[in-house]
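To start, the structure itself, in structure tokens.
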There are 2 protein chains.
Amino acid sequence: MTKYKPLKEKEAIEYVKGIEGLFDDDAELSCNEIGDGNLNLVFHITDQNSGMGVVIKQALDHVRIADDWPLTKERVKFEYTAMKIQDELTDGMVPKVYKYDDEMALIVMEDLSSMKVMRKGLISGIKYPHFAEQISTFLSKTLFYTSDLYMAPKEKKERVKNFINPELCDITEVLVFTDPYFDAESNNINPELRPYLEKEFWRKSELRKEVTVLKEKFMTRAQALIHGDLHTGSIFIDQKTLKVFDTEFAFYGPSGFDIGAVIGNLILNYASWSGKEVSTEFKADYREYLLDTIEDIWNKFEEKFRKFWDQEAHETTKAVKGYQDYYLKQLLQDSIGMGGCKTMRRCIGMAHVEDLDGIENLSERARAQIFALKLGEIMVTRRKRLATITDFIKIVRDLTAWEDTTNM
Amino acid sequence: MTKYKPLKEKEAIEYVKGIEGLFDDDAELSCNEIGDGNLNLVFHITDQNSGMGVVIKQALDHVRIADDWPLTKERVKFEYTAMKIQDELTDGMVPKVYKYDDEMALIVMEDLSSMKVMRKGLISGIKYPHFAEQISTFLSKTLFYTSDLYMAPKEKKERVKNFINPELCDITEVLVFTDPYFDAESNNINPELRPYLEKEFWRKSELRKEVTVLKEKFMTRAQALIHGDLHTGSIFIDQKTLKVFDTEFAFYGPSGFDIGAVIGNLILNYASWSGKEVSTEFKADYREYLLDTIEDIWNKFEEKFRKFWDQEAHETTKAVKGYQDYYLKQLLQDSIGMGGCKTMRRCIGMAHVEDLDGIENLSERARAQIFALKLGEIMVTRRKRLATITDFIKIVRDLTAWEDTTNM
């Protein structure tokens, strides 16, 4: 029996050589470890002859998120199992898996390094005209076909059981839904932002209450098999293709959490331009692109989701007049609310995003962070008044106009 | 290894004799099988010398709820595991368990035949002055201490996993939340009621939609370890003591489902007097007692739940201003809505209650059923407007006054 041990680069090469049919016999393999080194090892292995490459993602065992916060390697099982389901449902919108090794806590998968991590593209101001079409397909297929709307109740419950993922959920519960809303140890705070947090943000009791309502939803609502961490850093993209990766947070949770993650991260990028030296024209144009994208994502998502429902929901569900409209309105409100939480945590919580932290001047960064926090706040507190995505776009525009005039 | 087989009465005696310390050596045991014979065997075993008795509840394997609807014996495991938790949390408000035998799918437990099944007491017009106090203790303790408000997130999720109970949930999903709302095969319909169903009830699309919203909540919301079938036929009661039994439907579901089951079954009894030959005074007085009881149950439940919360919820939850009020208002609305579904299914669905089916004259029975259906309907459709239990009591009174004048 193989026993778990973290691979070294040479061992990684030997490991993939042992996978039948993966590389040619005369392959000349080179290997680089390119992970962040904290939670996972990521080996990029290339055949110098053919140019073909693979990636090994191996979980480090008993790592620590913080001093008293350990994490086991079991998370790889959730990642692999969810990827398989997503792959089947979306016809390959996730990296191909060549091998999964439970014992070694690793996945050997397709090398997508020719594509860009979407967050970096957005930071560079690149537009992705097919993104809304692509991500709405991913979202609608995974969120419909893993839900009770489509699945047989017993199979769905069996799957809920297999995806009870306490360690990774715990990270989200604490870092997204709890700690950012008070002066918690785990927070990572720009000193220029702190006065705003102390004088205003942490005193918003209605906001904190509503975030807690969303937290309970996250903790209790087994609606669909969600990716669980679908920010723009979990998406590879080029002008043709989109692949979703880093799926270890997968579990049965509220569908709005995935849609919200996408929208929230577009909103973070939207806010980030407040702290950057770019022309007014560029900023206005790129922000319009981001808002159009958000509107398109929801509208295309809704259209596809309704189509799947009309064609493939259980007959007893289809027969219920008005339920589809109700469900989608709830989902819109959930998505915007969850997106608001995802937006705010990236300004205050432990894990930030480069969209904002790439702004080196701390005052400028704080300005963009405050704008992001205000956007996140209205996403949470006004979500129940939203009937359409256009309502949401309008409140973003209003807040932007207000920010432009006051310059915060 | 013992292999599963359904016991006969003599074997049941041998079985309990084998449990060390249960009966005296010179016990003279007699045994009666008193189950309904469809899903479970229930043996009542008594020592003729000491008078001491026990009950064996054994699940029949591969029984059928309907032709194409089989049920395995695994349900006993859920019953036993939930009973153990309820016992610890409520300091013995469930029957004592002497032995659990997984292989034989049976539980040997305390004989409570000296107490009355509460439904029978209510049908006889008996008042139970301590019931609200008792059941509110059971509900508040089980629903608070098994929820995320109190439990550590990982332990709670582990428990959710262990209580994934698809077979028994399926029964509720179909028989409570689906079939009664259209002309389904499984329904069991009083011919005198059918015209009302066809001309009115089954055309209520708003009602059916709202029931489906509650159904999704039942299917997805892992809020607390609920009993899952807490009607007045699952409660033994006398003037001093209350014991909750028949816990095989236990799973992590919406807390309001248990509270609603209790309230809904009191409402069923309330409605049943419309079809019975009793004096106006008796009817008015007993109905007042039932409404007072419902009001007390909620108010005492709320008081206890808030106390547990203030004393023992997670610090980060306690710190959230306004969340407790929000949570309890939601729970009230959920409870009334779920109670409405429980009320309606007993008039139309497969499994009825003696409160109504004890009315032999079918027209009289239909009158009481229609009243129950109207009560159930407003419980579902008006639940979101309720701020207090008194609001609910008021709409019951209003509908009763209207029924009295029109005589339906």
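Each Cβ is built from the backbone N, Cα and C atoms, and glycine gets one as well.
Any TrEMBL annotation is an automated prediction that lacks curation.
Along the domain 'Aminoglycoside phosphotransferase' (B:32-286), the predicted structure has mean pLDDT 96. Sequence annotations record features per position, and here TrEMBL assigns domain 'Aminoglycoside phosphotransferase' to B:32-286.
According to TrEMBL, the ATP binding site annotation covers B:Asn40, B:Lys57, B:Glu110, B:Asp111, B:Leu112. Around B:Asn40 (ATP binding site), taking its Cβ as the centre, 22 other Cβ atoms fall within 10 Å, counting all chains.
Sequence-distant contacts of B:Asp229 (substrate binding site), defined by Cβ-Cβ distance under 8 angstroms and a gap of at least six in the same chain, are B:Thr172, B:Asp246, B:Thr247, B:Glu248, B:Phe249, B:Ala261. When secondary structure is read from DSSP and collapsed to three states, B:Asp229 (substrate binding site) falls in the coil class. Here TrEMBL flags B:Asp229, B:Arg345 as substrate binding site.
For the recorded site, B:Arg345 (substrate binding site), the DSSP three-state label reads helix. The Cβ of B:Asp111 (ATP binding site) lies under 8 Å from the Cβ of B:His44, B:Ile45, B:Thr46, B:Met52, B:Gly53, B:Val54, B:Val55, each of which sits 6+ residues away along the same chain. The most densely surrounded of the binding-site residues B:Lys57, B:Arg345, judged by C-beta neighbours within 10 angstroms, is B:Arg345. Comparing B:Leu112 (ATP binding site) with B:Arg345 (substrate binding site), their Cα atoms are 28 Å apart once rounded. When the alpha carbons of B:Lys57 (ATP binding site) and B:Arg345 (substrate binding site) are compared, the span between them is 26 angstrom. Secondary structure at B:Lys57 (ATP binding site), as computed by DSSP, is strand.
Taken over all pairs of the listed ATP-binding residues (B:Asn40, B:Lys57, B:Glu110, B:Asp111, B:Leu112), the Cα spread reaches a maximum of 17 Å, rounded to the nearest whole number.
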